[in-house]
Amino acid sequence: MASYNLRSQVRLIAITIVIIITLSTPITTNTSPQPWNILSHNEFAGKLTSSSSSVESAATDFGHVTKIFPSAVLIPSSVEDITDLIKLSFDSQLSFPLAARGHGHSHRGQASAKDGVVVNMRSMVNRDRGIKVSRTCLYVDVDAAWLWIEVLNKTLELGLTPVSWTDYLYLTVGGTLSNGGISGQTFRYGPQITNVLEMDVITGKGEIATCSKDMNSDLFFAVLGGLGQFGIITRARIKLEVAPKRAKWLRFLYIDFSEFTRDQERVISKTDGVDFLEGSIMVDHGPPDNWRSTYYPPSDHLRIASMVKRHRVIYCLEVVKYYDETSQYTVNEEMEELSDSLNHVRGFMYEKDVTYMDFLNRVRTGELNLKSKGQWDVPHPWLNLFVPKTQISKFDDGVFKGIILRNNITSGPVLVYPMNRNKWNDRMSAAIPEEDVFYAVGFLRSAGFDNWEAFDQENMEILKFCEDANMGVIQYLPYHSSQEGWVRHFGPRWNIFVERKYKYDPKMILSPGQNIFQKINSS
């Protein structure tokens, strides 16, 4: 056993050295192959394009703060098209990078492939197939290119639903499973990656494998939250439950951050309480659209604005309880008891009763409104963080009441809500803090093409504050410009991440836009 452990350690050290050398050695453009020249193969005729419109579209994402151009775009009609392309790259002396792109909701070019090939996953969506629901086993098999809203529509037809969601449903299944998939349900049901039973994955060697916690388990756990580094998900089996009919939706306003967080932490500690919990902040210099949604009655807008002006920063707690015919007579009593137990500002409690679908798809209304005003396809210099519970008060003082107020440029929602670590799985690749409770903090900014750099600068100021204060903050939907940043990001799990990369994508072909590894070519 001792000899085995020594050999394992030596192998891991060797792998790490190879990766470090590769990362520190720039690959010049004259050695980088051009996929359009390489892929003059009949099997890709009509499926691979280098048209200016296709390349431009693949270079642009939701973030609109960077453009990274591929040489070509693959428009696959089957999984085999993707497998063949990866095999071709892997077997080539000069391999080319390749990235899967779903709905393009990355914010920093993470789904790009400079001088490589971007795979348009949505081209494989077939309305006549791709989603299969098992009512007896309570799962849905879905092609990874489908959007979560499409999955929801299909499962609701049978009275079933997945239990873990993102706030925005127009994201692909494969995209969120490669990152984590979080929202206000995470504290109770876990992120989307912990609600997966099985997947089909194409590795960086062009091999397709079915994996689960019991079959090819290392690949299964590597891919979930793995930022696309180990394989492209083509199918996922998602857990389902009986769908509720409606949602009792409450919001409470706070002026004291400690009471706000204490109430949040108490609510998420209950095993059978609310189904959804999120928090957010309001600042006195923020645009009214940050909070003047249709949720708050117009008659209260002046009251809320006055409180925001007086306190400069206030906090909103949002909770939801799902119900149906069997619980419709008890849900009001449960929510009334919850309201009485909270330390919110009295007189500032708001309530709505909506359908389950309308609640889950609530962001869509805002999206359509912004699109109608030409304010959707704009820069989104987002920053998403995981902050340990013991550091959240320091974060409030230094960031919410410090950097944010001082810079006076807030635009877009700022979320802050806790999650339970025991709902995550350490075998998966996603990086999270070590504490039992940690907070998701999201600066979901919108900016102009002429001023987004100011928001980006503020993001860097926030990150520097957290680093200088040694807060143990970890980025979600991460972006790091150097290998050192990624080593810090994964911490003690970095060596495992490197070993898995070497195992499943040894030529560093997949997802180069994450900027974690550089590709390795044969000599």
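Think of each number as a place in line: the chain as shown, counted from 1.
A Cβ is built for glycine as well, from the same backbone N, Cα and C atoms used for every other residue.
Of the listed candidates (Tyr295, Tyr296, Tyr439, Tyr476), Swiss-Prot assigns Tyr476 to the same FAD site as Ala100, Gly102, Gly104, Ser106, Gln110, Asp167, Thr172, Ser178, Ile182, Ile233, Ser511, Gln514. Checked against Ile182 (FAD binding site), the recorded positions His105, Asn153, Asn408 differ in C-alpha distance, with His105 being the nearest.
Between the alpha carbons (Cα) of Gly104 (FAD binding site) and Asn408 (N-linked glycosylation site) lies a span of roughly 30 Å. Across the residues the record lists as binding FAD (Ala100, Gly102, Gly104, Ser106, Gln110, Asp167, Thr172, Ser178, Ile182, Ile233, Tyr476, Ser511, Gln514), the two Cα atoms farthest apart are 24 Å from each other. Annotation for Gln110 (FAD binding site): same-chain Cβ neighbours under 8 Å, separated by at least 6 residues, are Asp61, Leu227, Gly228, Leu477, Tyr479, Ser511, Gly513, Gln514. The separation of Thr172 (FAD binding site) from Asn153 (N-linked glycosylation site), Cα to Cα, is 14 Å. Comparing Ala100 (FAD binding site) with Asn408 (N-linked glycosylation site), their Cα atoms are 37 Å apart once rounded.
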